[in-house]
Each structure stands twice: as C-alpha cells, then as structure tokens.
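Positions annotated as Fe cation binding site by Swiss-Prot: C25, C27, C47, C50. Annotation source Swiss-Prot lists domain 'DPH-type MB' at 3-59.
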Amino acid sequence: MSVYDEVEIEDMTFDPDTQLFTYPCPCGDRFQISIDDMCDGEDIAVCPSCSLMIKVVYELHDLQEYYDEAGVEPPVPLVASA
C-alpha cells in the first residue's frame with residue numbers, strides 16, 4: 001500500500017465532537033481517521049474525496065489526552081496501571 005505522506009498526530013486537527021483527526025489533502029478535502037480506529041491500531045487516514053492516504057505517526061498513549069478533550073473514555077486502557 002502506498003501512502004502520500006507520513007504525518008505526526010500533533011500536526012493533525014482533532015474535533016472532540018466528531019472524535020475525528022483531520023489533515024488537509026491536496027485535493028481540497030481533508031484526510032480523516034477516528035480516534036477509536038487509532039486506538040485499535042489503525043494508522044492510515046483516508047481522504048473521502050480522492051484515493052490518497054496518509055500514515056499517522058503516533059504512540060497509543062498519545063491518544064489519552066484527546067479522549068480527555070472529547071470527554072469520553074477510551075474503549076481499552078491506554079496506559080498500563082502500576
């Protein structure tokens with residue numbers, strides 16, 4: 001599978017209402033991926049208007065702050081308890 005680019009999670013925009021990360025696509029639309037898909041290990045964001053895809057670079061524990069921002073609990077624990 002060929003990806004258009006690799007993008008750090010910090011460079012994406014997170015919408016707590018839709019729980020989607022987005023990033024501008026060259027076609028004018030936006031790549032998108034849901035936080036729950038990322039929690040399940042998915043790292044490919046797709047553009048709904050064209051065939052381009054990007055790889056999102058992140059660590060699983062990075063997602064906790066975005067779940068907190070959305071006011072929801074992750075479907076699985078993101079940080080090992082001590």
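Placement of Cβ uses the backbone N, Cα and C atoms for every residue, glycine included.
Source: prediction; values computed, not measured.
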Entry from the binding-site residues list C25, C27, C50 having the most other CB atoms no farther than 10 A: C25
Let's check the environment of C47 (Fe cation binding site): how many other CB atoms sit within 10 Å of its CB? 21
Mind tallying the domain 'DPH-type MB' (3-59) by DSSP state, helix then strand then coil? 8 helix, 25 strand, 24 coil
Taking the recorded Fe cation site as C25, C27, C47, C50, identify the other residues of that chain whose CB atom sits within 8 Å of the mean position of the site's CB atoms, giving them in sequence order. P26, G28, D29, R30, F31, P48, S49, S51, L52
